[in-house]
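Since the structure comes first, as structure tokens, the remarks are kept for the end.
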């Protein structure tokens, strides 16, 4: 199937071009970091996986790493100028699927952390999981409610586009709901981490016992989820 250009007004062409430039820069940066991270860590991870029996945590770690790699590949695919509707549909669908699964993996990981750190509190873990899955549901909805992929021309350069079947106000509302839910999930995890590790450290101090692992969880866990929450708010 050849190029079937969809005409855009001059203002729409400028907006689409700006969006494509930002998307391209993001794809290059994230894909580069992802591939570099996998190149320098895959040998040690493979050795670790093969040296021990595959438990649930190992399987989950492997799935998480594979999904991150798939997401990097999906972003790499976005860099090409697809000039057919079929090529655009493949690139966008690949990105949407890996994006949704990545959000789901993060939600499950956060829920498991909350479950473990709260001493197996199912209610807290359920709250974290539901909040973390909100972006998954919204991403699925926006993907379903978008038009088929089509090609438009920005000068002589083909660009993949999709048109949402809802207005701008609805798009903004969905964006804010997804972002707020994701941040709240991280807030619950951080709060649970603070509360649980504080109790352990308090009891350890009273017994004059050193707790380096608890201090590590409190410090690095808080920094990690704070960073993830900040990037969700920015993106």
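Cβ atoms here come from the backbone N, Cα and C positions, even for glycine.
For the domain 'DUF6533' (26-69), same-chain residues at least 6 beyond its ends with a Cβ under 8 Å from one of its own Cβ atoms are 75-76, 78-79, 98, 101-102, 105, 108-109, 112. Per TrEMBL, the feature domain 'DUF6533' maps to 26-69.
Positions annotated as transmembrane segment by TrEMBL: 20-42 (among others).
Under the heading transmembrane segment, TrEMBL lists 54-77 (among others).
The transmembrane segment annotation in TrEMBL covers 89-112 (among others).
If you look up TrEMBL, you'll see 124-144 (among others) marked as transmembrane segment.
Marked as transmembrane segment by TrEMBL: 173-195 (among others).
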> Same chain, outside the transmembrane segment (89-112) by at least 6, Cβ under 8 Å from its Cβ: which residues?
Replying inline: 60, 63-64, 67-68, 70-71, 73-75, 77-78, 80, 82, 125-126, 128-129, 131-133, 135-136, 139-140, 143, 148-149, 160, 162, 185-186, 189, 225, 228
> Between 0 and 100, where does the mean pLDDT of the domain 'DUF6533' (26-69) sit?
Replying inline: 79
